[in-house]
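One structure is given here, and the rest of the page talks about it.
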Amino acid sequence: MSKRDIVLTNVTVVQLLRQPCPEPRVEAEPEPPAQPQPQPEPIKEEVPPPPPPPPAPKKVRELIVGINGFGRIGRLVLRACMEKGVKVVAVNDPFIDLEYMVYMFKYDSTHGRYKGNVEHKKGQLVVDNNEISVFQCKQPKEIPWKSVGSPFVVEATGVYLSLEETKAHIEAGAQRVVICAPSPDAPMFVMGVNEKEYNPSSMKIVSNASCTTNCLAPLAKVIHERFGILEGLMTTVHSYTATQKTVDGPSKKAWRDGRGAHQNIIPASTGAAKAVGKVIPDLKGKLTGMAFRVPTPDVSVVDLTCRLAQPTPYSAIKDAIKAAAKGPMAGILAYTEDEVVSTDFLSDTHSSIFDAKAGIALNDNFVKLISWYDNEYGYSNRVVDLVRYMFSRDK
């Protein structure tokens with residue numbers, strides 16, 4: 001070994017001796033295996049209970065009408081029902097067959113041809129797609145009102161007027177009965193005057209009074225409530241009706257009633273003014289009247305001459321009637337200052353149309369008031385209005 005190699009070896013040894021002694025290597029203990037973490041239980045979503053079933057729909061009551069008697073008023077009541085959207089389910093008339101009913105309803109010499117569709121199908125009268133059962137029973141007790149749903153019955157024959165006579169409709173299934181004439185004992189109502197007195201719990205049969213009472217009573221109500229009526233006389237100049245003769249013939253009631261309707265002005269009796277006392281009790285015994293039957297087919301006029309409790313100028317009377325016609329009696333009482341004549345009121349639906357220019361006053365206490373009415377069409381519309389009102393009051 002050379003001297004140089006010895007030196008290098010010694011240096012290397014010295015260097016090795018000077019290095020720190022390495023720490024003994026400690027083997028790390030193995031970590032214990034990770035314990036599985038408990039998984040949170042899944043949140044159970046609460047399922048809401050099913051909604052309750054919807055309540056059963058309330059059965060909507062529907063007004064249905066039956067008509068007994070298909071004469072002037074019966075046919076016009078059907079027209080009024082069609083115009084007002086009232087459902088007619090049956091017509092009874094023993095003297096008119098189905099085909100003739102179609103003809104009579106379609107054509108009218110006074111009010112013109114019916115503007116809708118009229119036909120018959122499968123034994124029914126069909127008006128504007130409304131199917132109407134037709135019966136030909138001679139007695140009210142025979143009419144099967146139950147079979148068509150127990151309607152409100154319009155008694156339009158002019159024959160059955162009393163409670164005893166018309167209760168047969170109820171026994172046959174009618175729900176209520178409205179008599180299209182004054183009745184000797186049935187409660188009497190005039191729309192716009194006393195309909196609020198109707199009691200559905202005790203009144204199944206009522207009277208719609210007469211066409212003349214329907215004209216006079218609204219007028220008398222306005223005047224009496226504002227100015228007071230001490231006493232009065234009424235005259236109605238009335239168109240001829242089906243009960244009169246086209247030529248002279250026999251009459252049991254009064255001889256001159258049998259004279260030709262087209263040829264004469266015929267004085268006649270009327271209970272219309274006295275009947276006002278039944279619908280306005282405060283006027284009982286204060287009004288009476290008479291009629292002149294004249295040669296016109298339709299539209300009549302009332303002349304009420306009365307003594308007032310409160311001195312009142314005629315202008316104030318006009319103002320009171322005009323206000324009522326625009327307010328609480330709209331559709332029933334009307335007001336005009338036009339130069340009108342009877343044919344201007346053909347097919348007018350009002351009960352009473354006050355003619356402001358035709359009336360006169362002797363002084364502030366004594367006046368003559370004039371009011372027109374279509375004794376057929378206006379009256380028939382009030383019949384339907386009374387039926388609708390009664391239905392609205394029934395529970």
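Counting starts with 1 at the first residue shown.
Cβ atoms here come from the backbone N, Cα and C positions, even for glycine.
Swiss-Prot annotates Arg72, Ile73, Lys138, Asn375 as NAD(+)-binding residues; of Asp93, Asp97, Asp344, the candidate listed for that same site is Asp93.
D-glyceraldehyde 3-phosphate binds Ser210, Cys211, Thr212, Thr270, Gly271, Arg293 as Swiss-Prot records it, and from the list Thr241, Thr246, Thr312, Thr336 the residue named for this site is Thr241. Counted over all residue pairs in Arg72, Ile73, Asp93, Lys138, Asn375, the record's binders of NAD(+), the longest Cα to Cα distance measures 27 angstrom.
Applying an 8 A CB threshold to same-chain residues 6+ apart, the list for Thr212 (D-glyceraldehyde 3-phosphate binding site) reads Thr236, His238, Thr270, Ala272, Ala291, Ser300, Val302, Tyr373, Asn375. Model confidence over the region 'Testis-specific N-terminal extension' (1-60) is summarised by a mean pLDDT of 57. Within 10 Å of the C-beta atom of His238 (site 'Activates thiol group during catalysis') sit 23 other C-beta atoms, taking all shown protein chains into account. Each of the binding-site residues Ser210, Thr241, Thr270, Asn375 was scored by the other Cβ atoms within 10 Å of its Cβ; the lowest score goes to Thr241.
Counted within 10 Å of its Cβ, the other Cβ atoms near Ile73 (NAD(+) binding site) come to 27, all protein chains included.
The number of other Cβ atoms within 10 Å of the Cβ belonging to Lys138 (NAD(+) binding site), over all protein chains shown, comes to 11.
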